[in-house]
Amino acid sequence: MKPSVATLLATVSLVYAQTATEKEPSLSAIESAAASIQPYSPVSNVEGVAFNRFFQVWLENIDYEDAAADENMKWLASQGILLTNFYAVTHPSEPNYCAAVGGDTFGMDNDNFNQIPANVSTVADLLDTKNIAWGEYQEHLPYPGFQGFNYSNQETYVNDYVRKHNPLVLYDSVTKNSTRLRQIKNFTSFEDDLANKKLPQWAFITPNMTNDAHDTNITFGAKWERSWIAPLLNNSYFMNDTLILLTFDEDGTYSKSNKIFSVLLGGAIPDELKGTQDDTFYTHYSVIASVSANWGLPSLGRWDCGANILEIVANKTGYVNYDVDTTNLRLNETYPGPMSAGEYSKYSPVWPNALTRGDCSAGHGILDIVKETYANTEPTYNYSSPFPYDTASNYNTKVTATKKNVTGTHRSSSSSSPSASSNAAVSAVAPAAGVSGLLLGLALNLL
């Protein structure tokens with residue numbers, strides 16, 4: 001029996017009882033919520049062209065060279081494919097997490113209590129188009145869907161869980177849906193889901209502030225990561241057709257270009273590719289594009305649209321990636337936007353319009369709700385570019401890219417960075433949605 005709209009509205013409205021707070025909630029409030037909110041672990045079995053499960057694990061703030069020199073990182077790389085040309089997209093941490101699921105930084109240049117409007121889509125919306133189960137696992141999250149700014153270690157009171165390292169909780173399209181919130185869980189839920197064979201097909205995994213190297217160092221973080229991932233590499237359920245990305249949010253030296261050490265692992269990698277390296281240019285946006293290409297999903301119409309696709313996927317779909325000349329590439333800051341606090345970019349009240357036309361690198365067009373939201377508008381940026389740039393703020397305008405040919409070498413006639421004329425400055429904010437309308441929409445979607 002389908003529940004009534006009234007029942008669904010009541011269920012959806014539970015999210016408002018979990019008030020987002022810009023400081024750490026009291027322990028009593030946390031314990032009260034933890035006693036009543038249960039994790040939700042949907043499962044699915046949608047076959048992809050290169051993998052059937054994708055998990056990514058993020059560590060923090062380490063320069064590429066320092067990670068590459070660590071013995072545990074060397075061991076991890078020997079088990080899979082080392083990505084030698086993978087870049088974060090800005091500084092500091094939070095905008096990279098934001099970009100990894102939403103395809104844009106929206107000018108974010110800070111680790112504040114940022115909230116992205118409910119009509120801005122995420123990778124969760126892409127996965128939902130084919131009912132592909134997704135989830136997050138945040139170490140020491142006190143309960144599913146916790147929206148507080150942080151949660152300290154209750155014994156030592158050191159930093160533990162922090163909101164800025166939780167990508168989907170930044171988006172109101174997730175936090176205003178109680179079911180989606182319950183898919184944001186902790187490591188205890190990961191162990192339960194693993195044991196019960198209820199892991200999702202897509203997951204984002206964040207260790208706590210000690211294990212992710214943020215408050216420690218690469219030696220500590222790499223040792224933790226190897227000890228955590230090594231047993232999973234011997235778990236047949238976990239490994240079967242699984243692709244794992246081990247990466248970092250950003251490098252540790254803000255004056256550098258923001259290249260980060262990244263490794264692909266898992267049963268989806270052919271034996272002959274283990275211990276090899278891939279020199280293709282990638283960013284955090286490439287991960288969204290690769291997930292879309294693998295499962296035949298649409299694009300968000302943002303920087304995921306033109307992003308290079310992981311070669312392990314591109315070789316299956318036939319997509320030809322770009323070679324990007326990184327000589328003049330600077331991904332250590334971002335362009336103006338509504339999430340800027342004036343730290344590494346300039347504030348602008350204008351929410352960028354998404355792209356609504358084109359196949360994108362994944363080859364499956366744009367998400368329908370994005371096309372509806374931004375109908376009859378021009379994209380603010382040239383989101384079909386394999387790297388982010390903005391002519392208005394002179395951001396990465398000297399970077400060039402050339403399509404590879406089928407053998408992976410350059411074509412004889414090189415192409416420069418995509419036309420600046422596509423980078424239109426359009427003053428249009430993200431359309432607003434009333435709370436009642438949003439709740440009704442969520443309810444009707446569940447019917």
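In case you wondered, yes, glycine gets a Cβ from its N, Cα and C as well.
Over in Swiss-Prot, the protein carries these features:
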{"type": "SIGNAL", "residues": "1-17", "note": "signal peptide"}
{"type": "CARBOHYD", "residues": "ASN119", "note": "N-linked glycosylation site"}
{"type": "CARBOHYD", "residues": "ASN150", "note": "N-linked glycosylation site"}
{"type": "CARBOHYD", "residues": "ASN177", "note": "N-linked glycosylation site"}
{"type": "CARBOHYD", "residues": "ASN186", "note": "N-linked glycosylation site"}
{"type": "CARBOHYD", "residues": "ASN208", "note": "N-linked glycosylation site"}
{"type": "ACT_SITE", "residues": "ASP215", "note": "active site, proton donor"}
{"type": "CARBOHYD", "residues": "ASN217", "note": "N-linked glycosylation site"}
{"type": "CARBOHYD", "residues": "ASN234", "note": "N-linked glycosylation site"}
{"type": "CARBOHYD", "residues": "ASN240", "note": "N-linked glycosylation site"}
{"type": "CARBOHYD", "residues": "ASN315", "note": "N-linked glycosylation site"}
{"type": "CARBOHYD", "residues": "ASN332", "note": "N-linked glycosylation site"}
{"type": "CARBOHYD", "residues": "ASN382", "note": "N-linked glycosylation site"}
{"type": "CARBOHYD", "residues": "ASN405", "note": "N-linked glycosylation site"}
{"type": "LIPID", "residues": "SER419", "note": "GPI-like-anchor amidated serine"}
- line: Quick tally, other C-beta within 10 angstroms, ASN150, ASN208, ASN240; top of the glycosylation sites is ASN208
Message: Among the glycosylation sites ASN186, ASN217, ASN382, which residue has the fewest other Cβ atoms within 10 Å of its own Cβ?
response: ASN217
Task: Determine, to the nearest whole angstrom, how far the Cα atom of ASN186 (N-linked glycosylation site) is from the Cα atom of ASN234 (N-linked glycosylation site).
output: 22
Task: Using the structure shown, find which entry in ASN177, ASN234, ASN405 (the glycosylation sites) has the sparsest Cβ neighbourhood within 10 Å.
output: ASN234
Statement: Out of ASN119, ASN315, ASN332, the listed glycosylation sites, fewest other Cβ atoms within 10 Å surround the Cβ of ASN315
